[in-house]
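S.K.: Copied straight from TrEMBL:
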- 29-49: transmembrane segment (TRANSMEM)
- 69-97: transmembrane segment (TRANSMEM)
- 128-153: transmembrane segment (TRANSMEM)
- 174-198: transmembrane segment (TRANSMEM)
- 218-240: transmembrane segment (TRANSMEM)
- 252-276: transmembrane segment (TRANSMEM)
- 296-325: transmembrane segment (TRANSMEM)
- 333-450: domain 'FAD-binding FR-type' (DOMAIN)
- 452-473: transmembrane segment (TRANSMEM)
- 570-595: transmembrane segment (TRANSMEM)
- 607-632: transmembrane segment (TRANSMEM)
Amino acid sequence: MDDHESPLLSKESSSSSSSSSVVASSFKWILKVLMSVIFVAWVVFLFVYPGKLGDGILTNWRAVSSHTLFGTTGSMFLIFSGPILVISVLASLYLIISGEENVFTKKKISKFPRFRLWTFPVLVDGPFGVVSAAEFLGIMIFSVFFLWAIYAYTMRDLDLLDLFHVLPEDRSMLLLEITGLRFGMIGLLCMVFLFLPISRGSILLRLVDIPFEHATKYHVWLGHITMAFFSFHGLCYVVAWTVQGRLLELLFEWKAIGIAVLPGVISLVAGLLMWVTSLQYVRKHYFELFFYTHQLYIVFVVFLALHVGDYLFSIVAGGIFLFILDRFLRFCQSRRTVDVISAKSFPCGTLELVLSKPPNMRYNALSFVFLQVRELSWLQWHPFSVSSSPLDGKHHVAVLIKVLGGWTAKLRDKLSKLYEAENPDQLLSPLSYPKITTCVEGPYGHESPYHLAYENLVLVAGGIGISPFFAILSDILQRKRDGKACLPKKVLVIWAIKNSDELSLLSSIDIPSLCPSFSQKMNLEINIYVTRQSEPLLEDGMVHKMVNPSVKPRSNGCPMSVLVGTGDNIWSGLYLVSSTIGFVLMITLLDIFYINKFNITAWWYKGLLFVVCMVASVLIFGGLVVVFWNLWGEKAGDVEPNGHDKVTTNGEELHNPSAELKGLNTEDDIQSFITTRYGTRPDFKEIFESLNEKWGSVDVGVIVCGPASLQSTVAKEIRSHSIWRSTNHPLFHFNSHSFDL
């Protein structure tokens with residue numbers, strides 16, 4: 001049933017609602033403009049900073065602002081880190097005003113060319129993988145900045161040499177040391193952005209609607225560049241000191257006033273270990289090594305502060321502070337053990353876990369969670385796509401897990417023991433009954449369900465990459481059934497699998513039950529390509545029914561915690577604001593009652609105190625908000641008691657099937673929109689040509705979930721094919737959202 005305005009609403013209430021909407025829209029527009037101005041001004045300053053103009057701006061700024069209680073450190077913090085914190089606070093306010101604006105209309109999507117910049121693939125091969133137009137523009141801007149910074153610093157260094165009265169033979173060594181100093185400064189400027197993309201619940205990522213799993217590659221790019229400049233920084237000094245014959249003497253130097261060398265060496269070594277183990281080959285084949293060595297970021301950051309002191313560390317403090325906020329919130333959420341409602345295994349070896357969640361936890365289709373199973377490891381966290389829609393039920397979230405490595409194999413063995421324990425022939429005591437203790441971080445994902453913004457969707461999946469598409473299909477079908485806002489009218493699913501046993505995953509979604517009359521409301525096609533079998537096996541006709549029954553693990557857990565950055569906008573905003581105010585307050589008290597009073601001058605010590613204040617403000621002031629946030633979440637979750645009783649052991653919330661199912665041959669209806677081809681791979685050129693003939697010039701959204709090779713293949717065809725050039729509204733979303741770990 002379509003939503004209509006209630007006739008009981010008076011003209012006055014309707015007018016009042018319209019007036020408040022205008023006020024909210026105006027306020028949002030003001031916030032947008034303000035955030036844009038601050039961001040542009042901040043980026044322009046960072047861009048010109050290496051040159052004489054930037055140096056002059058900073059000198060004038062310090063002359064004006066350094067006579068305060070916070071001194072030159074406060075001046076540096078305000079101009080380098082202050083803007084990003086101000087934007088974060090304004091972004092929080094913007095999201096609170098926006099609320100749950102998830103209604104999409106043709107009018108909204110037809111006037112946003114920015115989607116093309118963010119999603120249209122420009123580069124599909126090379127070291128950066130698939131790169132959109134906006135990302136390519138960002139790469140160009142950063143490249144120009146690096147070249148400009150090197151040139152500007154070189155010109156300034158040559159002028160600076162004339163001020164030093166050194167012997168000609170020492171001139172080259174002095175230039176090498178100054179060059180190393182400049183490389184270190186460029187590395188710090190890169191590090192300003194380094195921690196922003198990896199804050200999973202970041203208010204900034206939510207503002208621009210870039211999910212964490214997509215933003216991670218920006219962190220990878222920035223990490224490579226940052227460590228390259230830091231490596232050149234250290235190498236220049238090592239070469240200069242080696243030539244001078246003072247390498248060991250200066251390498252272990254720890255000055256009280258000035259740069260402390262030894263902490264810098266420790267920080268650089270930690271950074272190099274993280275850099276080497278984060279390379280693609282190591283990350284793919286030795287994920288645990290990558291994961292554990294990446295925890296050295298704590299050593300890297302702390303000893304960087306000891307190395308440069310509070311004055312220079314304040315340049316990168318803004319992004320690190322936002323990361324600490326996110327990390328502490330993730331820590332609080334992950335301490336809770338989550339109840340596993342049910343677990344089952346498919347014939348292809350894929351596992352499904354249904355996890356309990358509170359009814360007030362919000363997320364969108366195409367979300368993912370980080371999962372820990374304590375019986376397997378207390379340290380390992382693995383990301384998995386959510387395969388259930390938010391409309392599937394208020395009390396559960398489902399994830400599909402493909403067995404690929406050691407961790408997932410151990411989880412499969414654990415479930416096998418559960419099946420044995422539930423065998424009537426097995427007489428097990430309650431204490432010996434297998435147990436699964438899970439902890440969850442998330443869900444994370446897009447701020448808005450962008451898949452609802454396209455009238456025509458093409459979903460391309462490889463293997464387990466079909467998981468998030470089950471959530472999308474379920475979301476669309478249930479919205480169609482309930483008459484909620486939902487644009488998609490034509491959906492094409494292209495699924496490439498190796499063997500036919502993976503067809504059993506289709507049992508994860510019961511399309512006729514979700515929307516019995518879906519064929520009348522939308523055009524759905526599912527094309528399946530079984531690449532390693534030339535013909536179907538005898539049991540393929542029933543493979544979607546060959547699923548092991550669900551089991552209920554022994555668990556003392558409870559629903560997932562609501563303490564997630566992508567959750568409630570008001571609480572996450574209060575958490576950010578209180579921690580920021582607390583940090584300023586602690587720095588103020590520290591300066592008044594300790595640093596200024598006792599004339600503390602050691603750079604490394606003041607850098608350490610600066611980091612301590614950042615962490616303490618989050619723990620104390622942010623922690624206070626977290627306590628009340630958690631209490632609110634538990635109280636709100638108690639509004640609907642016995643939520644677990646509403647969920648079956650199959651992870652399905654009880655509901656009364658529609659009467660429309662009666663008299664329908666659902667098996668024939670299913671086969672009418674599913675086509676299975678054996679011994680072939682999808683020919684995307686042929687597929688897109690066919691779509692061009694059937695759909696014509698329309699707005700099309702494409703989502704790809706699968707390996708890098710699949711992404712590149714689809715991106716090449718999308719970039720070159722006429723269907724995307726002739727479309728009236730060329731909207732394209734390219735997203736690798738499936739995790740195989």
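Quick reminder: no glycine exception, Cβ is built from N, Cα and C everywhere.
The model shown is predicted, which means the values in this text are computed figures rather than measured ones.
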S.K.: Among the recorded stretches 128-153, 174-198, 296-325, 452-473, 607-632, which has the greatest number of Cβ pairs closer than 8 Å to the transmembrane segment (252-276)?
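M.R.: If we count Cβ pairs closer than 8 Å to the transmembrane segment (252-276), 296-325 scores highest.
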S.K.: Assess whether the transmembrane segment (570-595) lies in contact with the transmembrane segment (607-632), where contact requires at least three Cβ pairs under 8 Å among residues 6 or more apart in sequence.
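M.R.: When sequence-distant Cβ pairs are counted, the transmembrane segment (607-632) touches the transmembrane segment (570-595), since at least 3 lie under 8 Å.
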S.K.: Other than its close neighbours in sequence, what residues sit by the transmembrane segment (607-632), given a CB gap under 8 Å and a spacing of at least six beyond its ends?
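M.R.: Long-range Cβ neighbours of the transmembrane segment (607-632): 73, 301-302, 305-310, 313-314, 317, 320-321, 324-325, 328-329, 332, 561-563, 568, 571, 574-575, 578-583, 585-587, 590, 594-595, 600.
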S.K.: Please check if the transmembrane segment (296-325) comes into contact with the transmembrane segment (452-473), where contact means 3 or more CB pairs closer than 8 Å and the residues in each pair are separated by 6 or more positions.
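M.R.: They are not in contact.
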S.K.: Would you mind splitting the domain 'FAD-binding FR-type' (333-450) into helix, strand and coil residue counts from DSSP?
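M.R.: Helix, strand, coil within the domain 'FAD-binding FR-type' (333-450): 25 helix, 39 strand, 54 coil.
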